[in-house]
């Protein structure tokens, strides 16, 4: 009985953690989703963004006390502008999806919403982590050895 309880707890912790992509696994996935040079943004830029926003974790969330919004998923897409979490005051939901959809292991909806974000005039500069860690940097290491 004790062994079953421990096994159950281990399985629960894995389910809650979500998918953490390996670097090259994510690079290949993003390439398949057409992210390389989408709106002129290189695959290496997307990889750098995902690394600094979520460390490649689909379940990452971060609460922003200032505007009471939350950033969701592998790209840390914000609930004030892009998705609906049912609790962010004045949410716009420009991607027309529930924020929980951005936390799925299948990143199809997260990619579609990220494409929507960069279609706005601010582009990839909408992400603070990209401006702080990726802009004007050599990003080759993010895709090196991945065959993409």
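Here the Cβ of each residue, glycine as well, is placed from N, Cα and C on the backbone.
On a predicted model such as this, the values are computed, not experimentally measured, just so you know.
What Swiss-Prot says about this protein:
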- 1-18: signal peptide (SIGNAL)
- 19-148: domain 'C-type lysozyme' (DOMAIN)
- 24-146: disulfide bond (DISULFID)
- 48-134: disulfide bond (DISULFID)
- 53: active site (ACT_SITE)
- 71: active site (ACT_SITE)
- 83-99: disulfide bond (DISULFID)
- 95-113: disulfide bond (DISULFID)
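Features recorded in Swiss-Prot, as mapped to the structure shown.
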residue : record         : contacts (Cβ under 8 Å, 6+ apart)
24      : disulfide bond : 143, 145, 146, 147, 148
48      : disulfide bond : 130, 133, 134, 137, 139, 142
53      : active site    : 60, 71, 74, 75, 76, 127, 129
83      : disulfide bond : 72, 77, 91, 93, 95, 97, 98, 99, 101, 102, 113
| query | Among the disulfide-bonded residues listed here, 95, 99, 113, 134, 146, which has the most company in the form of other Cβ atoms within 10 Å of its Cβ? | reply | 99
| What does DSSP call residue 71 (active site) in the simple three-state scheme? | strand
| task | Quick one: give me the count of other CB atoms within 10 A of the CB of residue 71 (active site). | result | 24
| field | Secondary structure at residue 83 (disulfide bond), reduced by DSSP to three states | value | coil
| field | Mean of the pLDDT scores, which run from 0 to 100, over the domain 'C-type lysozyme' (19-148) | value | 98
